[in-house]
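Here's what Swiss-Prot has on this protein:
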| type | residues | note |
| --- | --- | --- |
| ACT_SITE | Lys308 | active site, proton acceptor |
| BINDING | Ser190, Cys223, Pro224, Gly225, Gly226, Asp242, Asp262, Asp279 | S-adenosyl-L-methionine binding site |
Amino acid sequence: MKQLMLYCRQGFEKECAGEIQDKATQLEVYGFPRVFKNAGYVLFECYQDGDADKLARELDFNALIFARQMFAVAAEFTELPSEDRISPILAELGEIDAFPVCGDLRIETPDTNEAKELLKFCRKFTVPMRQALRGKGLLLAKENAKKPVFHLCFVASGHCFAGYSYSHNNSRFFMGIPRLKFPADAPSRSTLKLEEAFHVFIPREEWDTRLSSGMWAVDLGACPGGWTYQLVQRSMFVHCVDNGMMADSLMETGQIKHHMVDGFKFEPDRKNVTWLVCDMVEKPARVAHLMGEWLIKGWAKETIFNLKLPMKGRYDEVLQDIENLKTFLIENKVKFKLQAKHLYHDREEITVHIQVLSNISPH
């Protein structure tokens, strides 16, 4: 197996390609990315047979910013007959000894308007395909979350890629996209960005301790309150920092304090803030440095923030800002865990999460 499939946001194929090239090289896997403009995916072509499996196993999926999902490609089918798509797939995969027995099946498409027209077909195709794979011993009789995931990605009605991902090193979401519903009472759609970030960055079993009621949070650039809404829904108390107006529905909860000041000048009077969130429209380097300042001063224990991306050089900007932030924290002897992702609800921006692992007294 020489190909690795990576899903990404349409229009960000170049950034996804640059990232997988860098990450593969770090693992001494050599090859080149095959980029299709606005396709919503990138194919990384490895020179060595078996290297796609190595990447699927060893390349930390959570370390990828622009990829929503990745899987090793075992076979590509370009002219599947509409009357019988299953038989050619089974015949080809039956010849591949290295294909693992899988515990789940996902029949997906890239996230483009053209490809998503195939989703109705994918849903209908799933049941007979699942039965056929089980009959051939390629899929277990019962779903098993510990086994690899079988992926079929259709880019056209007769054109698909078949492969697998490892359950410990993939996105657990169909197409790599969490399915979230916009709350009718939320002040803005930006609320879904923070909700998705919680799903992606924080294990569900840790929500009760890391996103618990009674915590204090700070929201920089809060107006009108899309991100604050998520914190209030979790029964937190929030310092909302913005010169604009907050939604009346949030003010009426009694859980927020509105500070009409510049987010870059605000200092919390309370020293028990757990969460710092920030979605300010500012230069990404400036926002990243501000987040670092808060963390080294012990003003917050965890932060989720967005970095707005420039029109050109987006990948380079991301690398530089994150590297500078890491260096700043390390120089100030802060132990931390950092993750970054181009979320489904992000557009020209990425979302970064940092958890401080050091015990820092606020100062």
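Placement of Cβ uses the backbone N, Cα and C atoms for every residue, glycine included.
Because the structure is a prediction, the values reported are computed rather than measured.
Calculated from their C-alpha atoms, the gap between Pro224 (S-adenosyl-L-methionine binding site) and Lys308 (active site, proton acceptor) amounts to 18 Å.
According to DSSP, Gly226 (S-adenosyl-L-methionine binding site) sits within a helical segment.
Of all residue pairs in Ser190, Cys223, Pro224, Gly225, Gly226, Asp242, Asp262, Asp279, the annotated binders of S-adenosyl-L-methionine, the farthest apart have Cα atoms separated by 20 Å. Taking the C-alpha positions, the distance from Asp262 (S-adenosyl-L-methionine binding site) to Lys308 (active site, proton acceptor) comes to 18 Å. A distance of 14 Å separates the Cα atom of Ser190 (S-adenosyl-L-methionine binding site) from that of Lys308 (active site, proton acceptor). Within the set of binding-site residues (Pro224, Gly225, Gly226), the lowest number of other Cβ atoms found within 10 Å of a Cβ is recorded at Pro224.
Lys308 (active site, proton acceptor) falls within a strand segment according to DSSP. Asp279 (S-adenosyl-L-methionine binding site) sits 9 Å from the residue listed as 'active site, proton acceptor', counting Cα to Cα.
Neighbour counts were taken at the CB atom with a 10 A radius for the binding-site residues Asp242, Asp262; the maximum falls on Asp242. Note on Lys308 (active site, proton acceptor): other Cβ atoms within 10 Å of its Cβ, all shown chains, come to 17.
With a cut-off of 8 Å between CB atoms and residues at least 6 apart in sequence, the same chain places Cys240, Asp242, Asn243, Gly244, Met245, Met246 near Cys223 (S-adenosyl-L-methionine binding site), listed in sequence order. With respect to their backbone Cα atoms, Gly226 (S-adenosyl-L-methionine binding site) and Lys308 (active site, proton acceptor) stand 17 Å from each other. In this view, Ser190 (S-adenosyl-L-methionine binding site) is surrounded by 18 other Cβ atoms within 10 Å of its Cβ, with every protein chain counted.
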